[in-house]
Amino acid sequence: MAGGHCGSFAASAASSGEIVQLNVGGTRFSTSRQTLMWIPDSFFSSLLSGRISTLRDETGAIFIDRDPAAFAPILNFLRTKELDLRGVSINVLRHEAEFYGITPLVRRLLLCEELERSSCGSVLFHGYLPPPGIPSRKVTNTARSSVDARNGLNSMEGEARGNGTQPVLAGNGEDTIRLGVPVDPRKVLIVAGHHNWIVAAYAHFAVCYRIKESSGWQQVFTSPYLDWTIERVALNAKVVGGPHGDKDKMVAVASESSIILWSVQDGGSGSEIGVFSLGVPVDALFFIGNQLVATSHTGKVGVWNAVTQHWQVQDVVPITSYDTAGSFLLLGCNNGSIYYIDMQKFPLRMKDNDLLVTELYHDPSNDAVTALSVYLTPKTSVSGNWIEIAYGTSSGAVRVIVQHPETVGSGPQLFQTFTVHRSPVTKIMLSEKHLVSVCADNNHVRTWTVTRFRGMISTQPGSTPLASFKILSLEETESHGSYSSGNDIGPFGERDDQQVFIQKVVPITNKLFVRLSSTGKRICEIQAVDCTTISSFTVRECEGSSRMGSRPRRYLFTGHTNGSIQMWDLTTAMDMVNKTEDKDAGGPTEEELLKLLDQCDLSTSRCATPNISPATSVLQHSRLRESSSSLQLQHHETIHEAATYGATRPYRESPLLARARRTESFHSYRDFQTLNLNRSIERPVPENGHMGPAQTEVKGAAGECAMSERRSPGTEVRCGRESDGGLEVHRTAEGLSEPKKRSAEDENEHKVEFRKKGFEAGGFLGRKKVPYLASSPSTSDGGTDSPGTASPSPTKTTPSPRHKKSDSSGQEYSL
């Protein structure tokens, strides 16, 4: 019996001292079984116990397909419990130690990394706003019964009330097709600011914050829960002459074609002013003074005036860019023209209540104006004696036009032209000292130094080239409509100060690069203090102190996927970088870029920017989208006046149109009355390929075409194209009474004259009449119906998304 025990012990000892041959990445290592097994539940204990299948080479050694250079210090740690880096970076070694499950080594390496990283951030970290509470949803029995009535196709338009379901498209009255990409309700989609206020837009609600010197940042207002996902947001922290006094603030959000506007008091109470409809998806939402302005690339402008409480929708030429100057809204259009609207004199045409839209300038090459920037010089007065406009075109040209005091009667004159871009210009900025342009080739930036004499741009010695660099920024494959608005690269800052770009290299990252817009020089890089993914960002100046001599400070606000908002002091960062002259770094270095791309696979494509997709080994819930700068012009052709972005898209859209390819349907807009659905989620497509008799004829400004491409998990709506690049016309006659449609359009459409008005009361005179445009039919608040009167009270006709329900026959989502 004793001999048996001795034999068993000897066998056990021999087993623990067994020599193990390893082949790690082609390099052979010899060690003992005891060395590999002393850490429980590690890779080696599982391997040698048979829980993991082994692969042996020709010599019988266990093959492990890992880096041998990183394995050497790990094996040395298993032998001696001491760490010798042997030239391997701590980050790489920690990654390998995590793979092998060497827990004691991982803890040591994490502690080393914590020496340089703090949960309180760096010297630039300014503050942290925790995630707010999500407002409760109100679902009533009345709403549920309303759902049943709508599903029975028995309700009238405008009676919808919210039940919290996703919008749906009706097929043949029996089945439905769900639309929309699910969005994390905790993620900050957009951050916007004005003066000492910021607003954070989440998926279904918005939160306003205010800063005071004594108390810091405080949450002031939280909107009600919305059934629709927010895509645009605007904030006005200084409302003069508003309905509730000068201390009111206004915040607006947009989802698809609907806009909700709230009034917020200093005390934190808020009230809904109204719900408005643009009729087509909203691409931009902003304030000009007291006016709330919404624009769509399809060629619609909506304006709401805080004093008159009036909502006006105006048809214009399809819009490709915009900018504001004082009380003026300037529109760059796809026919090569620049128009302006005077918001201070809104509305001017009392005979039909149309906005006064005047053509300011027409591009000599008839190229679409894809980027626009207006600079009001200090010499500009009420008489409008000097103004400068820089714009970029679809062919890559950058032009500067100026209004001289001597040329008031003849309109602006072409001052300079630069043809340095081979891709469409997507952004442009004319400031006091620099001209900055960005094109679609991986956000390629060209900058010039602007020479001025007495505040006015000068030709002696003229604008001189300054820098050329790129702001590489990849986007998600199936991103929400708010992504382009919440992740705009800039440039940010006042035009008489240094401006900055914010570079977010990959969509799933916790790091941003802040760079000078003039030279591309890196000012700083910021990393989330809690290591969460940055989902949105913006740069604003806030007046933290009211003391005499204090200056506003510039802050970078970052929204995160966990709902928090983090703040960074860019004023300090710029002061620090100005003191050090030895830092010449710009964007991420090659090593930094490769590190950022560790979690991504770049797919091959013919695009100017490679598509980005998640590595199969680290696949996340969020899919990645091709870069916004991914479509390059094949050959430069004139963009005809009739063409629209929703039709041919021969080049990459401006940032204003970045979401046009994945926009939702154009609802019931009379010029876009159907969708050509290629596939469905909830029901199979019949053999004939038609979804039902709801398909109708689609019209666009370029002629008849299918709806612009829509990307969603369940449906795709794409614009038909012929093999030669032209439009493929999709026509159906089912479910449509053509004579009735024609007569309705004839009643609603009438010609609009564009009065020859000067910019700034005589500064600019329009040269031509605008092509035939139609004003949207409307009625006045008073209830008198006439084709030329103002639109009715928006709260009477347009239901709020808070009460909007999933309907299968309503105008908002009907086919």
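Residue numbers in this text run from 1 along the chain shown.
Just so it is clear, glycine is given a Cβ too, placed from its N, Cα and C backbone atoms.
Under the heading compositional bias 'Basic and acidic residues', Swiss-Prot lists 707-759. Annotated phosphoserine per Swiss-Prot: S605, S665, S712, S793, in sequence order. Swiss-Prot lists 707-815 with the feature region 'Disordered'. Among the features that Swiss-Prot reports, repeat 'WD 1' is placed at 225-272. Summarising the annotation, Swiss-Prot assigns repeat 'WD 2' to 277-314. Annotated repeat 'WD 3' per Swiss-Prot: 316-351, in sequence order. Per Swiss-Prot, the feature repeat 'WD 4' maps to 420-458. Feature annotation from Swiss-Prot assigns repeat 'WD 5' to 538-578.
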> Quick one: DSSP breakdown of the repeat 'WD 4' (420-458) into helix, strand and coil?
Replying inline: 0 helix, 22 strand, 17 coil
> What is the number of residues in the repeat 'WD 2' (277-314) that are helix, strand and coil, as DSSP sees it?
Replying inline: 0 helix, 23 strand, 15 coil
>> Is it possible to list how many residues within the repeat 'WD 1' (225-272) are helical, extended or coil according to DSSP?
In response: 0 helix, 22 strand, 26 coil
> Taking all residues of the repeat 'WD 3' (316-351) together, what is their mean pLDDT?
Replying inline: 85
